[in-house]
Every structure is written in structure tokens, then in C-alpha cells.
Amino acid sequence: MSPTISHKDSSRQRRSGMFSHALDMKSGPLPPGGWDDSRRDSVGGEGDREVLLGDAGPGDLPKAPRSYRSELSSILLLLFLYVLQGIPLGLAGSIPLILQSKNVSYTDQAFFSFVFWPFSLKLLWAPLVDAVYFKNFGRRKSWLVPTQYTLGIFMIYLSTQVDRLLGNIDGRTPDVVALTVTFFLFEFLAATQDIAVDGWALTMLSRENVGYASTCNSVGQTAGYFLGNVLFLALESADFCNKYLRFQPQPRGIVTLSDFLFFWGTVFLITTTLVALLKKENREASIVKEETQGITDTYKLLFSIIKMPAVLAFCLLILTSKIGFSAADAVTGLKLVEEGVPKEHLALLAVPMVPLQIILPLLISKYTAGPQPLNIFYKAMPYRLLLGLEYALLVWWTPKVEHQGGFPLYYYIIVLLSYALHQVTLYSMYVSIMAFNAKVSDPLIGGTYMTLLNTVSNLGGNWPSTVALWLVDPLTVKECVGASNQNCRTPDAIELCKKLGGSCVTALDGYYVESIICVLIGFGWWFFLGPKFKKLQDEGPSSWKCKRNN
């Protein structure tokens, strides 16, 4: 189904191209690190300082609050940087739908799903990004500029190779391994850019206006994701363009993936050059110095947090809590494409979801603001599990309503309503987990603590989706019809069946088997482990405080 336009780390992580994908938890930047090096003049370390605009030193006179208009250029720059960040995320999210239209195996789809992991794993290299930099160039620009240059150059080069990788030349099969490596690098670079931009946002704006950073983040990445996914899939589709945008039909869409990559690669190079030359970072020695922490100390701190009994219990439970949703979230959208639903129509269904996705967190937060936010998670879980079965029924029903190669309006209305109900349950669980993570995080090390909990929450959605995709093919039973004494258990057997005049027919679709198994596992978790998960709310504050050896 349509990709969810989601909060980023999201992968938003939000996983696009699926019927619905896990929301990535927003994780704030880690405490800036110091890198002890003899070349302090050239590489930032403990002696460097970043401006937090609006801070005043002890001897300074208080200044009048800054209007957002006085920093409009910085706000617009942040917004544009987040838009650029959303482009590779959206493009990566469109590839599964394109691959599915080319009839690749679900094993290949599972392999490609590793592309969506970097945003959930960026905690592993965030301390490095925060600590190592060139002082004279700027703490954030030291990573932002080379990262975006690499993205731009890579996009332009890929524009010359993507048709071959997708199998558009000479009817070859898509090179899934090369596509996975390529877009994994895209996501890795986008996650690195996210770390740098999040950190820069805190010092680019004054304290009065720093709240606009989260708005730029949400709006910018959503817009970029929309451009790279929904808009691209629509303009790339010959059927969509011929039906809605052209007077004379053409055999291809208005844009191709290679055109799109070349255009945005050029935009990345031009804008990055302008940022490198024209935008300066705030580095006044008189401003209060940020708390810094060494790279090694940061990793030691993370390990100390994980070893705490309460945190370890949370990690184990949250890593298994989303198994029940994996078939519905990861496979349903691809199954709809397999049944003939145009991928661009599924992508466009994300558009009416945007207002709902904005309103839902505001409404749900009223119920998660109390001392027991996980109650909402527990109450929403069975409804989301039942919607997984409804998704399976929707896939089963899809070929029965197809008419002359298309689908009636009422079909899309039912799909949209199903999607909206799913979003209500998904956001209820997402917001409650975010509220719980914020509630238990040790305020003395809030950035690192919160990021760790959110990272584990993201991984709890990533690995079940990958496994769910991987298991579809092994659970599917196919029979060779028209050729005696043949089967369709392996690719070679399928080829032999066709050569002997037969055809492989699906007797039992692994998606339905998996949907039932996942729901049973999900209800088992809800019944046996759910109460233990809720009991974590009863742990005292001391259970969540990390003892640090200074």
C-alpha cells in the first residue's frame, strides 16, 4: 500500500513502499564529543565552543528576544536541508514497489529491506560525527558538506547505471544486490547528514526560535520524502501521466528514475557549494561552552545504560513486541502490487493521510502524558493485530474486484479507511513509547539515553519486517500444472516445469500463512509479556538512573 509519510528517526524509517512501515523514533543529537588530539587548532576538540544564540554571559546586558523574521534565512536553510535529506529516503522507499512490478522474489525484497536500517543504527556512529571535525571549517559543516557532495556525485553516477541495475535494458532481471548496496549507502549518508543538521539546528537558531528546528525537520523531511517517493512514482508512471497529465499518450512517464537522480544530484552539488561558501557557523569563544564527552566515554556510557536491569528488560520486550505486525506492515503493500494495484495509486493514498498523521500525535499525547503511558500501547496492540488479518482479507479480495485492468472507486475508499484505522493504532503505540522513553530517560544524560531507547524501538520494527519478507517464499506452496511428475519448489524446478509445457500455480500463499502466524505470536506476546511490559512503568526512578564513574 502507500508509503507512510512518517517521522524520521524515522526510515519514515519510516519503510516506504510497504502497506505501512514502522515509524522511526526521533532521536535527539548526542552530547557533543571532544576528540583529544595534539592538533587542536585544526581539529575540534574540548577546546572548541559552539554558539547557542541568545545565551548571554555574566557580564552581558540582556538582549531583546529575536523575532523569527530576523532568522528567516537560517530557518529556510534548515528547511531546505531537511528537504534534501528526504529525497534519498523517498527514492529508496520507491524501489520495493518498482521491484515488485518486475516480479522479483520476496527473498530479494527481504535483502533490499536492509536499506532501511541505517537510520535506526545511526547511534553507532553519531558520537564520531559529533566529536571529530575541522575547527576552522565548522563542527557541522565538516560532515554536512562532504556527505552531501558524496550524495550528489553518487546520484549523478547512479543516473547512468540505474536502468541497467533495474533490468530496464535488454530485459534483464534487476540486480538486487547492487541496488541494495547503493541505496544502503544512500540511507547511511542521509542518516549522517541528519546527525549533522540536527546538531547545527541547535546553534544556528537563537534560543527564542530554536523550536522552529523541529518544525523544519518534520515539514522538510516529509516534503522531501513526498518528492522522492509519491511524486516520483506518479510522474514515472506512463499510465498515470497519460490519464491525468497528457493529451497525447506516450509509452513512458514524464520523468524516469535516471532523470530524477541526475536532477537531484545536480541540486545537491549546487546547494552544498553555496552552503560551504556562504553559510558560517557560530563560533564565539565568549559563549557558554557545550558539555562535551569523549567518543570512548560515550560508548562506555551506552554500554552502562544497556546493562541496567530495567533497561535490559525494556530492550528485550520492545525488540519482540512488533513481530505480530511484521507481515501486515512489510508484505501487504507488495502483495497489492502483485495483485495488480498500480504502485502510483498506492503511493498517492499517502497524501490524504498527512493531516491525520499531524493530528493523531496531538490527540494521543493527551492520554500518554500521565504516569502510565504504556497503557495506551497495551490497549492499541490487539486492534492493530486484528487489522493485520483485515489486511490479509483485503489482499484476498483485491483480484475479485478487479475490472478491465482497473479497480473501482469503492475499492480505494475501503483501502484508505483500512489504512486510516491502521494509522490510529500505529500512532497510539508510537506516541506511547516515545512518552515512556522521555519519562524514564535520566535527565543528566538525556540525549544519549533517549537516543538509545529510540534506537532499540526502531530495531524492534526493522528486524521482524526483514524476516517476514524472507519467509514469504519458503512458506508458499506452488504446484506444476500441465506437466506430470514436476514441482515448483526451486527456481530450476520452475524453469523445468515451464519447459515441459506446464505452469506454476500458487496452491498456498505464504503471506496468508505468515499473517496468521504473526497474529498468533502477537496475541501471545500481548497476553503473556504485555503485562510485564506495562509493569516497567511501576519501576522507581532509581531503576532508570545510570551510575557514571567520572
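Cβ from N, Cα, C; glycine included.
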So, Tyr299 and Gly333, same side of the membrane or not, per Swiss-Prot? no
Phosphoserine: annotated position in Swiss-Prot, out of Ser10, Ser38, Ser42: Ser42
Counting Cβ pairs under 8 Å to the transmembrane segment (218-238), which of 301-321, 345-365, 376-396, 406-426, 510-530 comes out on top? 345-365
Region pair the transmembrane segment (142-162) / the transmembrane segment (510-530), three or more CB pairs under 8 Å: no
For the transmembrane segment (75-95), sequence-distant contacts whose Cβ falls under 8 Å of one of its Cβ atoms, 6 or more beyond its ends: 3, 8, 11-17, 68, 112, 115-116, 119, 144, 148, 151, 155, 179, 183, 186-187, 189-190, 193-194, 197, 200-201, 204-205, 209, 212-213, 216-217, 219-230, 232-233, 257, 260-261, 264, 267-268, 271, 275, 279, 347
The mean pLDDT across the topological domain 'Cytoplasmic' (135-141) is 85
Leading stretch by Cβ pairs under 8 Å, where the reference is the transmembrane segment (510-530) and the options are 114-134, 257-277, 376-396: 376-396
Distant-in-sequence neighbours of the topological domain 'Extracellular' (397-405), which means Cβ under 8 A and at least six residues beyond its ends: 336, 339-341, 411
Proximal but sequence-remote residues of the same chain as Asn103 (N-linked glycosylation site) (Cβ under 8 Å, at least 6 apart): Glu338
Under DSSP, the topological domain 'Extracellular' (397-405) has how many residues in helix, strand and coil? 5 helix, 1 strand, 3 coil
